[in-house]
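Residues or ranges marked as FMN binding site by TrEMBL: 89-94, 141-144, 176-185, Asp211. The NADP(+) binding site annotation in TrEMBL covers Arg301, Thr538, Ser599, Arg600, Lys605, Lys606, Tyr607, Val608, Thr609, Asp642. Annotation source TrEMBL lists FAD binding site at Arg457, Tyr458, Tyr459, Ser460, Thr475, Ala476, Val477, Tyr481, Gly491, Val492, Ala493, Thr494, Trp680. The feature domain 'Flavodoxin-like' is assigned by TrEMBL to 83-227. According to TrEMBL, the feature domain 'FAD-binding FR-type' maps to 282-524. The transmembrane segment annotation in TrEMBL covers 20-39.
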Amino acid sequence: MENSEGVKIESTVVTEEPLISALDIALFVVIITVAYFWYFKRDKQSSSSEKKPYIIQPSSLSSIEQTSNSSFIKKLKSTGRSLVVFYGSQTGTAEEFAGRIAKEGARYKMKGMVADPEECDMADLVEMKEIQKSLAIFCIATYGEGDPTDNAMDFYEWLQNGDADLEGLNYAVFGLGNKTYEHYNEIAIYIDQRLEELGATRVHEIGLGDDDANIEDDFVSWKEKLWESVCSHYGIEETGEESNIRQYKLVDCSEVLPERIFSGEISRLKSYENQRFPFDVKNPYLSKIAVNRELHKSGDRSCMHIEFDIDGSKMRYDTGDHVAVYPKNSSELVDKIGELLNADLDAVFSLLNTDEESSKKHPFPCPCTYRTALTYYLDITSNPRTHIMKELIEYASDPKDQEKLKLMASSTPEGKKEFHEWILRDNRNIVHILEDLPSVKPDLDHLCELLPRLQCRYYSISLSPKVYPKSIHITAVLVNYTTPTNRVNKGVATNLLAQLIPTNDELPQPTIPIYIRRSQFRLPPKSQTPIIMIGPGTGLAPFRGFIQERDYARKEGREIGEMVLYFGCRKKDEDFIYENELQEYVANGTLTKLHLAFSRDQPEKKYVTHLLEQNADELWNIIGEKSGHLYVCGDARSMAKDVHSIIVKVVMEKGQMTNSQALNYVKKMEQQKRYSADVWS
C-alpha cells in the first residue's frame, strides 16, 4: 500500500562535468526543505483555525481519542458513576438495549454510562471493585456462525487468552441471538460463564433474547427481573422516578456553512466526494452500478443480478465473502413523516449528547437536515420497540391514543398481546403509527433520537475474484409484500437497487456505497477436495463463485474435485436463475452433478431436501468416504435445519453410527470447516 505522505526521489547519473557544484545542490535542498516545512506548518495551522468552529465529532473516536479515553474506570470515577453497560453489536440493537439499561439506572440511584468494548481497555474490569456498589452489564450479540461482533472481538479474545482476577466485579449478561441458528447466543453464554470462572459475581442470571420470536419481549422481561436482583443485591430501592429524560439536546445549525453539513456520509464529511482507501464499515466505497438485469424469466416476482464496479478502489475479496450495501429510505416515506408532523425537513440541526463524558457525541453524523437524517441515517421501516411507544405517550393529545400507547408500552400480558398484534403482526412502522394515531405529534428531533440507525444490508458475493477481479456481483430478490392493514411494505435496499439502472456511457452511472465483509464461508484449500453445495433460490449466489473458481482452476490445468450442486426454485420456466451458466459448467465437466428441485412444477411439492434423502449414498461417499466438504446457503428457519437433520441421518445409516456418534461426527465436520453454513432468517 502506498504511503500518501511518502515522497519519491529520483536521481540521474551523468558522465559530463556538472554545471552546479555539490555544495550548490546541498544548499538548494536545504532551502527547499525549510520552505516546505514552513509552508506545511503554516497551512496546517491556518486550515485548523478555519475549521475549528465547524468541527463535527463523528460517532467513532479517532485513534488518539481512543488511547486517551480508553479507561472507562477513570470516567466512572471522575463522574460519580457506578454502572457501565458494554455492548457487542453488529446491527445496533445491542447498543440500543445498552442505552436503555444505562438510562434506567437513574431510577435506582446508579448513574450509568454506555461503553463500546472496542474503545475501552477491558483489563480495567479488575478495578471495578474500587467503585462502591458498581455493576458491569454486557449486552452481547452472537453474529454469524457463533462469532462475536466486530466491536467485541478483542474483548472476547482477551477473555479467552487472559487470566485476570475479576474478584469483586459484579456483572450481568443479556445475549442477543436467533434460535434458527445452531450457535444460539453462544458468545453471551461464553462471556457469562467466563466472567464467573475469573472470579466475578453474577448479580442476575443471563438473559437470552431470540430475534426469531420477540427479542424486545425477552429483553423487557429480563430487564425487569434484573432490577429486582440489583435492588436485592445492593440493598437499594427504586426511586420511582420516570427515566424519560432526553439523551440528546437539539442544536440549531441554521447558520452552519453548507460545506460543513453532512448529506448522507457514514462518518467522514465529504467522504463520497474525496474517497480514501481503505474502505470499511465507516468509510464505504461509492461504487458504480455496471449491470442490473432481471434473472426471472416470468412470473410476478423479481430477482436481480447486479454488478458493482470496483475498478481502482483497491478493494480485495475472496470467494464466499459478503458485500455490504448502504441503502436509503424512500422519499415518499420521508415526505410522509414531514407531512404528518408538519415539519420543515430541510431545517439543519444537530443532536448533541447531554452526557459530556460519552464518546458518542451524536446519534448519527451531525449537523444535517431532517430530510438527510430520515433518508440515510434512521430506520423508519422496521417495527418500533416498546420504549418508543412509551416515549410517544406525552405527545398524544387524544386520551384514547394515550391509553393505547400506555398499554403497548407496559409489560402486562394484555400490553404484550396488544403490542404483538398491533405492531408486530400488523407490521406497522413509525409512519403507520403516526397515521393511525393522528393525535400523536412528537417533536421531530426527539423522534430522530428515538429511531434506530438504518443498517447496511449484506449480500453473498456471487462470483470469483479470479474471474472478475474488478467487479462484485450479487443476486437479490426484490422485497415487496402486503401487510394485514393492506399497506405495501417495500424492502429498503432491494427497492433502491431496482431503481439503479445503468445508462449509456455518456451519462453518469448510478452509484451506491458498499464495503466488503470477510466471511469464513470458504472453498477447501485444495482444489481436488470434493464438495457438495446446497443452495435453493438465492442461496445459489456464493456457489456461483465457488463454481467459477473451480472452473478457473480447471482451465489452468489443475485437477479439481467433484462438485455436486443441489438447487431448487418454484418453477423451471420462471425462476431457474443462472440456468445457462450452470448447464454450461455441467457440459464442460466443472460441475459433476446438478440436482434440481422445482417445487411447483408437479402436484406434490418437491424440495432439495427430498433430493438429499434420495441421494444418501452420494452424500456419504463425499462427506464420509472421501472427507469432502458440505456447504449450505439459504433459509435458516427451515431449510438449513432440515438439511442438518438429513445429514445426521445419513451419517447414522451409511456410517453405521448411533445418533450420538453421528451428531459428534457432524459437529467435528463443523469444527474442521468441512460443514459450513451461510444462512439467514
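In case you wondered, yes, glycine gets a Cβ from its N, Cα and C as well.
All TrEMBL annotations are machine predictions without curation.
Small disclaimer: the values here were computed from a predicted structure and weren't measured.
Distance from the CA of Arg457 (FAD binding site) to the CA of Tyr184 (FMN binding site) is 21 Å. Among the binding-site residues Asn178, Tyr181, Arg301, the ones whose Cα sits within 10 Å of the Cα of Val477 (FAD binding site) are Arg301. Highest local Cβ density among the binding-site residues Tyr181, Tyr184, Tyr607, Trp680 belongs to Tyr181, counted as other Cβ atoms within 10 Å over all protein chains shown. For Ala141 (FMN binding site), the nearest neighbour among the listed binding-site residues (Arg301, Gly491, Ser599, Lys605, Trp680), judged by C-alpha distance, is Trp680. Ranked by CA distance from Gly144 (FMN binding site), the binding-site residues Arg301, Arg457, Ala493 have Arg457 at the top as the closest. Model confidence over the domain 'FAD-binding FR-type' (282-524) stands at 96, taken as the mean pLDDT rounded to a whole number. Between the binding-site residues Ala141, Val477, Ala493, Ala141 has the most other Cβ atoms inside 10 Å of its own Cβ, all protein chains included. Here the binding-site residues are Arg301, Arg457, Lys605, and the one with the most other Cβ atoms within 10 Å of its Cβ is Arg457. Residue pair Gly491 (FAD binding site) / Ser599 (NADP(+) binding site) shows a Cα separation of 25 Å. Among the binding-site residues Ser89, Gly92, Tyr181, Arg301, Ser599, Thr609, the ones whose Cα sits within 10 Å of the Cα of Trp680 (FAD binding site) are Tyr181. Least crowded of the binding-site residues (Ser89, Thr475, Ser599), judged by neighbouring Cβ atoms within 10 Å of its own Cβ: Ser599. Residues within less than 8 Å, Cβ to Cβ, of Gly92 (FMN binding site) and separated from it by at least 6 positions along the same chain comprise Pro452, Arg453, Gln455. Rounded to the nearest whole angstrom, the C-alpha distance between Ala493 (FAD binding site) and Tyr181 (FMN binding site) is 24. Of the candidate binding-site residues, Asn178, Tyr181, Arg301, Lys605, Thr609, the one lying closest to Thr475 (FAD binding site) when CA atoms are compared is Arg301. Counting every protein chain shown, 18 other Cβ atoms lie within 10 Å of the Cβ of Gly144 (FMN binding site).
Comparing the Cα of Arg301 (NADP(+) binding site) with the Cα of every entry in Ser89, Tyr181, Arg457, these being the binding-site residues, the smallest distance points to Arg457.
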